[in-house]
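The structure under discussion appears below in the form of structure tokens.
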Amino acid sequence: MESYNPSEDPGPAFCVGHHEHNRLISVTSEVIQQVHESNYDMMTVPITTSHFHSRVLGLLSNYLATLQSPSYDSIGTMATTQNTRPLVIPPLSKTDSYLTPNDATSQLVGVTSSWIDLCSPDPLIADLSRQVLMLEVAYAAFCGIGYLLIPGPKLHHGALHSEGVIYYARAVQDALKLGPYIQFHIWLQMVDNPEAEFDTMGDLAPLARAEYLEPDEGVSLKVDPFGTWDAWDAIRKTCKYHTRLFVALAMPKQLPSLYVQSRWHSEPVHLLTIDASSFLKNQKGYPVLAKSHQALIAKMMRLRTAPWILLCGVGPIPGLEGIEGSGVGQSQLSGSDYPSLSQANKKHNDPTPHLSYIRNLQQRQPPRTAIERFGVGYQDYLQAPLQPLTVNLESITYEVFEKDPIKYEWYEKAITKALRDWADQKKPTSHPDGKVILAVVGAGRGPLVTRALKASAEAGVEIDIWAVEKNQNAFVLLQRHNETIWDGKVTLVQSDMRSWKGPLVRRQQTKGAQEPVGDTLGIEDSLLYSPKKGANDPGRASESRGLGVTHTHVDIIVSELLGSFADNELSPECLDGVNDLINPTHGISIPASYSAHFTPVSAPKLHADVVHQTVSNPAAPETPYVVMLHAIDFLSTADSPTGVESSSSNNGNRASTPSASFTATEFPTPNVQTAWSFSHPNLHIPPQSPMQSTISNAHNVRQTRLSFPAQNRGACHGLAGYFETVLYGDVELSTNPVTMDAKSANMISWFPIYFPLKTPLNVPENGEIIVTMYRQTDDRKVWYEWMVEVYALERTSTSSAKATPAAGNSRVGSPSVDGLKAKDNGAKPNSRAGYRRVRVGISDLHSSIKDGCLM
Ligand SMILES: C[S@@+](CC[C@H](N)C(=O)[O-])C[C@H]1O[C@@H](n2cnc3c(N)ncnc32)[C@H](O)[C@@H]1O
């Protein structure tokens, strides 16, 4: 691997913009130049002016003055019809907007009016708001604005909560059509805090007529941690996961729990807005962000599409002070615990202290981890899994494998240990002269052969080494390596391992003969035999073509045929083919075992990609994909971080989170469970029936049904799959986010696998997700089937647990392969005392049979 110097890693680039609530300028190229000179990358601009705002208010007030109060028709449909004469806002005039199409427009983020209320229960207000938005979007599109920031939905109207979100979603859907080249960002708070949702002067919301409002019974509303996420979920679902629809997320001064943060991390947050009031001051009075904020920004910045940062209310852009707006933001700075901007400026002589802080934060980003550097461009990118059994891999693919800094190291360790144990335990070998016979099956370009030779030297145990490979192109390279690197020590066999008859050794003439086997080129001639299944029993010590040589067993068989879900590249089927070749009493397989693991996830980006692929490929949602998972949220977690800066006890890592990030604020550890496992050599392969022409693969069928408690509400888009493998003894590899750091940190060979759901399933708070999965075979190919059910828990008695039922039943971590037998991992229905499960959602039974792996 190339040498890497973390200090030279530029880290993620921050794109930082400036937002002023009331910007009253026409944006020209000179203004943009000033923006750049101040070290900002972009700025926002309102689409319309306060003149337009006043015009709409005047229009409404005149209209209401002449309007009779709405009346119900005979069947009382007042609430479902507008029941008013239409009020139409005339088109924009030149005083309604400062915006003009020019060269500067592409550097701007347009902001639509925040004083409208698309969610209003009063149809007049909702319709007027819709008209305002449409006028603004149409004019922004005309001017060539590429990015729009739309204030999020108002969720509270007296006693009504979230009722109007669908009206809002409907309006956004129309806006997407009206501005076909605009990227829309819905500006949302991280949590739904009713108290923070207040009206200001000139807002349309308080003008809703009383007859449309539910009387407010004075019930105090609580903060709903997932309330704004819920609204976003409804909006993007209505807009069918539109590719131009994103989130602009406001970072509050006090961040919500890590559950909520992790949810937003999985969503398409393309703008992160930070108000001056969210900054703290350091001892010198300089604006800084809390550790928790820094950690969240660091995580967000490592996403495939890093969000832009928008600084709000941090004072004017230097050089534009004279022409900037009212400075609404500046007044927010004069809170009790915060120095006024002029104080700060005087102290530090820095006209943009908030920006300087963010630029400094950018410099302090931790260097990227090995897997991050390796996976650049692959984050959240769907790839079809490899089929190395039926397709011959290209040299470049092997080259990518060979860059792994851990895998080969660990194999070498495992082989060294196995050889040492063999020698220490004085086990007899299969070779007449006492060498340990070691075969690398599926040798590729030979890296494991090199490692096996090193291991032999390290352990001081002599080996007779064989390399079997079916890829004829890779075989050419193996021949070359044997001449140039391995000194002709390796006997090469070009064959499918399932038809290989085993190593050939000279029949023992004299005890202790030391002669190695194989001709000078080191290519075994057994590939000239026509392979016949079943005639492959080296136990017979068959004599070959009267040359005085005989087939014997392999003492240690080394392979690496694992896929992202352990068995999905048909390692079990391939190794079954060499099972009989392994020394029946002492034989070792490296790996000794492997297991498949999964957990349900929310993965909106992947879901959107699968939906879009379905247009040309109906099998897209039936395909398990290899993906470097980043923008995902684990729906079932094993512990309960308690939010703001207090989660230091959580040492678990998350697949999508670089270990280099701030550990005190790690996202919750996922609840990853074991689906099934395979062990080699397999002593339990049933004898084949002589009546059948094909070999039965029934013993490699697997089935599991696992239950995942889900603490918070969310949307399940699919399953994230991983594997663990025991190479030998305590030498293990893992991609499971719960165990990977302990077992094989920094391994890069495998990305996780993603099993999508055609239609996302909503999961209620304290719900339960049950996954049923199969590994199926028809003796010609292997495929997977998966199905997800969602249950709500209904309380049946008041005596039950004080803790929430989901948290109380979490399964922690996942056992190692060795521990599997003891564990009952079947889902236990109705196991939570005091609760009854009610099924609220069920997916299709998905099947990858069409793209199954050919055996
Ligand atoms: C994942 S690659 C590993 C290559 C190499 N051992 C390494 O670790 O870099 C798997 C290799 O096994 C070979 N292979 C897969 N199935 C095989 C079979 N049934 N018989 C022989 N070779 C096989 C493939 O051609 C490929 O070269």
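Placement of Cβ uses the backbone N, Cα and C atoms for every residue, glycine included.
These come from TrEMBL:
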type	residues	note
ACT_SITE	Glu560	active site, proton donor/acceptor
ACT_SITE	Glu569	active site, proton donor/acceptor
BINDING	Tyr398, Lys407, Tyr408, Glu469, Asp496, Met497	S-adenosyl-L-methionine binding site
DOMAIN	39-363	domain 'PRMT5 TIM barrel'
DOMAIN	372-590	domain 'PRMT5 arginine-N-methyltransferase'
DOMAIN	593-810	domain 'PRMT5 oligomerisation'
REGION	331-354	region 'Disordered'
REGION	640-664	region 'Disordered'
REGION	802-833	region 'Disordered'
SITE	Phe401	site 'Critical for specifying symmetric addition of methyl groups'
Where the C-beta lies under 6 angstroms from ligand 1, the matching binding-site residues among Tyr408, Glu469, Asp496, Met497: Glu469, Asp496, Met497
Max pairwise CA distance, angstrom, over record-listed S-adenosyl-L-methionine binders Tyr398, Lys407, Tyr408, Glu469, Asp496, Met497: 24
Neighbourhood of Tyr398 (S-adenosyl-L-methionine binding site) by C-beta distance under 8 A, where only residues 6 or more apart in the same chain count: Gly444, Arg445, Ala474
Lys407 (S-adenosyl-L-methionine binding site) and Phe401 (site 'Critical for specifying symmetric addition of methyl groups'), Cα-Cα, nearest whole angstrom: 9
Other CB atoms, at most 10 A from the CB of Glu560 (active site, proton donor/acceptor): 23
Rounded inter-Cα distance in Å - Glu569 (active site, proton donor/acceptor), Glu560 (active site, proton donor/acceptor): 10
Tyr398 (S-adenosyl-L-methionine binding site) in three-state DSSP notation: helix
CB contacts for Phe401 (site 'Critical for specifying symmetric addition of methyl groups') [other CB atoms within 10 A, all chains]: 18
Which of Lys407, Tyr408, Glu569, all recorded positions, has a Cβ with the fewest other Cβ atoms inside 10 Å: Tyr408
Helix, strand or coil at Glu469 (S-adenosyl-L-methionine binding site) [DSSP, three-state]: strand
For the binding-site residues Glu469, Asp496, the one whose C-beta sees the most other C-beta atoms within 10 angstroms: Glu469
Local Cβ density at Met497 (S-adenosyl-L-methionine binding site) - other Cβ atoms counted within 10 Å: 22
Model confidence over the domain 'PRMT5 oligomerisation' (593-810) (mean pLDDT, whole number): 85
